[in-house]
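Colleague: Below is one structure. I have some questions about it.
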């Protein structure tokens with residue numbers, strides 16, 4: 001299920017072969033096996049990994065295609081200018097879901113994420129359906145102490161707290177909260193007409209903190225909510241479901257939101273949360289190239305990854 005990357009992915013425009021300030025992402029990224037990561041002696045290092053899976057979306061009766069997301073996002077990221085204060089950026093390849101074995105793929109992803117954290121890399125996981133998050137979570141939980149508290153921040157139109165016999169892209173946060181007494185959940189961007197009353201009740205029963213799409217518009221209050229939530233946990237992880245963004249700006253998702261969040265607002269949330277010292281990792285999920293319009297959503301996802309990395313470099317300023 002785990003495989004290294006096709007060598008042809010990281011290509012693009014070259015402005016200079018010598019002038020570092022003219023480099024683009026494809027000129028600085030290093031392709032490595034997850035078991036042979038370069039040593040991190042100091043500074044900030046980032047590791048990318050793709051999760052080629054939309055089995056959870058299929059099980060959740062959604063529109064498949066997000067399994068093609070990781071490599072398409074890489075192509076859009078490849079030619080972005082790179083002038084970040086990051087010492088190393090590596091790409092360890094993809095975990096691919098084979099024969100509908102989503103749970104097995106999530107376990108493999110978790111192992112890879114844990115290995116990157118062990119080697120002092122900040123993992124960025126490219127989904128994939130939002131079931132990507134559960135593998136992301138497994139890796140973080142394996143890395144941190146068993147009794148450490150973990151705050152999950154989800155930018156999403158949906159709670160994904162469904163009570164289903166078979167796990168899917170709509171069950172992950174319920175799975176985590178049921179099995180992990182040290183986990184907490186903050187969801188930003190909830191759509192009132194994207195969630196049943198039962199799901200709101202479930203969120204309340206599990207003690208979740210959430211802000212609706214309209215409430216998130218007040219950025220001052222939103223940042224205060226994020227600060228309070230973050231202060232209650234030893235570690236944080238961030239997950240972004242691209243269907244949180246309004247459909248005009250992110251059409252390539254399984255469940256587009258006509259009243260979704262503005263893309264620039266999501267950018268400010270990513271920047272702010274990335275600046276939190278306790279944040280360990282980030283996944284971006286539900287980018288579906290099959291449903292996209294002229295690469296609009298995959299390009300936006302690529303920019304969000306760049307913005308996240310930029311946010312990491314600003315930690316001391318926040």
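Cβ atoms are placed via backbone N, Cα and C, with glycine included.
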Colleague: Which residue of 33, 100, 130 does TrEMBL report at the same Mn(2+) 1 site as 156, 158, 160, 241, 243?
Modeller: 130
Colleague: Return one of helix, strand or coil for residue 241 (Mn(2+) 1 binding site), based on DSSP.
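Modeller: Looking at the DSSP assignment, residue 241 (Mn(2+) 1 binding site) belongs to a strand.
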Colleague: Measure the Cβ-based neighbour count of residue 243 (Mn(2+) 1 binding site), defined as the other Cβ atoms within 10 Å of its Cβ.
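Modeller: If we count other Cβ atoms within 10 Å of residue 243 (Mn(2+) 1 binding site), we arrive at 28.
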Colleague: Tell me, how many other CB atoms lie within 10 A of the CB of residue 158 (Mn(2+) 1 binding site), whichever protein chain they belong to?
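Modeller: Excluding its own Cβ, the number within 10 Å is 25.
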Colleague: Going by DSSP, give the three-state secondary structure for residue 160 (Mn(2+) 1 binding site).
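Modeller: Residue 160 (Mn(2+) 1 binding site) sits in coil per DSSP, no helix or strand.
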Colleague: For the Mn(2+) 1 site (130, 156, 158, 160, 241, 243), what does the 8 A shell look like? I mean other same-chain residues with CB within 8 A of the CB centroid.
Modeller: 154, 157, 169, 170, 244, 255, 285, 286
